[in-house]
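To start, the structure under review is shown below, and the notes come after it.
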Amino acid sequence: KAGIKSLTYNDPALKNRRQAYALVCETLKYKQVLEHILQSTGLHKAKVRPTLLLVLTYELLFGRGKIQGGGKVKRIIMAKASKLREALTRLKIRLGAQSSQDLLPESVRAVDRMPRYCRVNLIITTVEAVVKKLEDSGFEEVEASESAPEGKSFFRDRQVPGVLVFAPRTDLHDHLLVVSGALVLQDKSSCFPAHALSPSPTWDCIDACAAPGNKTSHLIAIIHSRLANNELAQDCSSIPAPTVTAFERDAGRAKLLGRRLEKMGVCPNVKGAGGWKGKEWRGATDGGRVLVCVRKGSFLDAKPQDYPNVRAIVVDPTCSGSGMVGRVDHLLRETEPLFPASSTSSTTYNGKNMGGKKRKRGVNPTSESSKEVVSKVESIAAFQKKIVSHALSFPSVQIVAYSTCSIHNEENEEVVRFALKDNPDFRLKRALPAWKRRGAEGMESCVRVDPIQDLTTGFFVALFERHRTSRTAVNKTSVTKTSQPLNHVVSRRNQISSSMSAKREVGDAKKLGAGGGTVCAPSGGRGRKRRKKRPVRVKLMKF
């Protein structure tokens, strides 16, 4: 499957792909409004393609005001053009909307108020250098505020160092700073995981689900800039360079990740073949301060004992994406199906009853679709629990950042509760203490982002911090790392087994009322037979 943008731009039948994509985006924004109008006029029953019906109705009511081409669908729409316009007017009056844009759901309107965020790539430049170049190209730096800047102004974000905030809809794709990799187009909340993790510049780190690479490059940039600024206040020449390992199971996305890291200032060690050698892409930042390794393969297949020096892990796994209000693909997923069969029993908009028959209490017109969503979220959450627990199993890991761009509790707080219960050696650490919006009750150490209130993608971040090392973990580590002979382990297990068997025999004798060393049989029954000792089975371990 591909996204709407790539499908549109790769369709050879489309002459003006940019215009077609813009039309699709605007139609999806008004999708809920259009469906209400079509239902109120009865046009939703027309035996035509519902997607084409939506697009052409948008063109008539919100676009050019006329329809070019369209054939049969155009004739059906134009036959009820006056009724469609009347339905739109009635909807505006009922909702008190002064303009068509006031009809949009709040989540869609928030996108128009959402600033454009960019992150300065500290691997190859500095914030001051980028600010100067922006000002030279016509931008103006202003004082930071809670609302988005206007025009060609920008300011430095208060929460995340290195993040710049521009006016909504600011197009920077072709700007020299973006093309050169000095400025990365990345949403503010997407910068939270690496910023919250804030690893020591000497630690080895892992990005468990790396592609497309923004979080990976942010993590590398944080470590590189700290080493470049000599935050350790000591000579680091004798300290081994830290390694950031990025896992990506999809081969195509892994190659894209390697190319993006190279653009952002990570020089590949292997020349030719795109920097790849087998299933690995290796490189380093300027001066070899940070070593980077991209691995094709699932993080779940990585053996923790193979990474004894990893101290910090970022886990940003697959999620439902329910917090990504600005994504066109998400608008399409959230409102499927277009015309539910049972939706004709009532006319509602934005949760308000706009007339028609009332539904019975508890009946959901899209119950089948809702069940599919619930099933999908549960399946995703099961994977998330698995991958977080795997990250917490690494022997030397001290801190793990778990994040999603979802608003569902099942993918956020519930995953954290499961991980804490399954891994008692870890506890929650308060992430981003200055951020006001926190997790659910009992999970206030976690961070939540509301896309409407916070003007950035809906997000969730939790920090797991190791606070102890259990005896089980110590035993596992010692058995793995020491060179004790196998017979020592076997004899120790035999001693424990013999001791436990002796205790069981004493307990059995007390329960049966033993006297003078003889086990008394209860009246009317047979004497209790003494169990034969089972041989102790020892599972051979690899050393």
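From the backbone N, Cα and C atoms, a Cβ is placed for every residue, glycine too.
Note that the structure is predicted; figures quoted are calculated from it, not measured.
TrEMBL annotations:
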type: BINDING; residues: CYS209, ALA210, ALA211, PRO212, GLY213, ASN214, LYS215, GLU248, ASP316; note: S-adenosyl-L-methionine binding site
type: COMPBIAS; residues: 502-511; note: compositional bias 'Basic and acidic residues'
type: COMPBIAS; residues: 526-543; note: compositional bias 'Basic residues'
type: DOMAIN; residues: 106-467; note: domain 'SAM-dependent MTase RsmB/NOP-type'
type: REGION; residues: 341-370; note: region 'Disordered'
type: REGION; residues: 494-543; note: region 'Disordered'
So around the S-adenosyl-L-methionine site, CYS209, ALA210, ALA211, PRO212, GLY213, ASN214, LYS215, GLU248, ASP316 aside, which residues have their CB within 8 A of the centroid of those CB atoms?
ASP207, THR216, ALA246, LEU257
What is the maximum Cα to Cα distance, in Å and rounded to a whole number, among the residues CYS209, ALA210, ALA211, PRO212, GLY213, ASN214, LYS215, GLU248, ASP316 annotated as binding S-adenosyl-L-methionine?
13
Return the residues near GLY213 (S-adenosyl-L-methionine binding site), defined as same-chain residues 6+ apart in sequence whose C-beta is under 8 angstroms from its C-beta, sorted by sequence, else 'none'.
ALA246, LEU256, LEU257, ARG260, LEU261, MET264
Sequence-distant neighbours of ALA211 (S-adenosyl-L-methionine binding site) in its chain (C-beta under 8 A, six or more apart):
GLU248, ASP250, ARG253, ALA254, LEU256, LEU257
